[in-house]
Amino acid sequence: MKIPVFLLLLALANAKVFQRCEWARVLKARGMDGYRGISLADWVCLSKWESQYNTNAINHNTDGSTDYGIFQINSRWWCNDDRIPTRNACNIKCSALQTDDVTVAINCAKRVVSDPQGIRAWVAWNRHCQNRDLSAYIAGCGL
């Protein structure tokens, strides 16, 4: 019983909740501003509505799949959580999306938007970011 609690605490210790401008700076430094024509503000908006900038975010879907990490990347298509059949197009374990090192999450997000659906693959972007003024998401960040 003590081991699962330890593992939970270990997972939480490796998670990070970014501040808006901090996250925008990380995304910009990792080449996300303009990647595949997607603005930095779009990425920040998407992350806000998907995870509240939380690398440890998790959401269980009605189809049995799970969304992981700051971008809420889905286990049916993009990562393997050993729970359901997966395409695993990013060729990663889903747990790699839930650490404070966002390299894997960013690389997988780049893979997601390389598909024809692009950023429209994210429901939160469609609902909260598409065709909106997103300037507030990077305002005051000095970018």
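Here the Cβ of each residue, glycine as well, is placed from N, Cα and C on the backbone.
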Disulphide bridge to Cys129 as given by Swiss-Prot, partner from Cys45, Cys79: Cys45
Residue among disulfide-bonded residues Cys45, Cys129, Cys141 with Cα closest to the Cα of Cys94 (disulfide bond): Cys45
Three-state secondary structure, which DSSP defines for Cys94 (disulfide bond): helix
Integer Å distance between the CA atoms belonging to Cys45 (disulfide bond) and Cys21 (disulfide bond): 11
Distance, Cys79 (disulfide bond) to Asp67 (active site) (CA atoms, angstrom): 9
In three-state DSSP terms, the structure that Asp67 (active site) belongs to: strand
